[in-house]
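Residues or ranges marked as transmembrane segment by TrEMBL: 41-62, 68-86, 130-151, 171-192.
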Amino acid sequence: MKARLIVSPETAIRFTKASVLLAYMFALSDAKKFRLLLFKIFRWISVLLSIALFIGLVFSIIENIEKLFLVLKALSIICSVVNYVAKVVIVRIYGKEFEKLQLTVTNFVENAGKVDRKIIQKFVNKCWKFQLFVTFGTYMASTAFILGPLVQPQKFPTDAVYPFSTENFPIAVIICLHQILVGYQCSAGVAVDSQMAIYLWYLCVRFEGLIIQMDYVKNQHQLVQFIRNHQSLLL
């Protein structure tokens, strides 16, 4: 009989955090001011790099409007870039709320009792394979685009058009690295959905724990405490 692989809640959270590092959306809660400043600088640099590729792809569509394959390819990358930038903006707007929620989830998992931990583990067992598949799938999709020049007659991973010559070797290297970085940032942007899913799972775990707790309400004091716990979740 094969041993079943068990992924702990802590491992699932660490994996999810690692998968979205390149998105520069979630700063470390205990980061110092200097590291936090660097994080914000890198985040907006990543957005500017994404916008630069977006513009190059738009020019590519205009230039190759009669080539359906190139247009569809550029549109697929543009959708990923827009998805990434939109999520950065949303996380920036609600940054404080996400930071509090992330800290709450981490503390809850670290201090969960036996009942809550059993519920958490149940959700992890249900979802970790799907999350692993989606995360690796999106990064492999970017890798496929990045390796495109090895199998297709193109110079760079994308067909972005630039208003300057790309024949110079240093410039070509910079453009290639730029497109590779943005590609993996777009993958991280897709993986952000897993980070959001953790917050939803947290609420499901808390409500399921309340349902179990309701069975043990025997007196008025326990009922009042149960109602308070329920209200705290709603707020």
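Every residue gets a Cβ built from N, Cα and C, even glycine.
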Other parts of the chain folded back onto the transmembrane segment (171-192), taken as Cβ under 8 Å at six or more residues beyond its ends: 16, 19-25, 46, 49-50, 52-53, 77, 80-81, 83-84, 87-88, 91, 134-135, 138-139, 141-142, 145-146, 155-158, 160, 162, 164-165
For the transmembrane segment (130-151), distant same-chain residues with Cβ under 8 A (at least six beyond the ends): 12, 15-16, 19, 77, 157-158, 179-180, 183-184, 186-187, 190-191, 193-194, 197
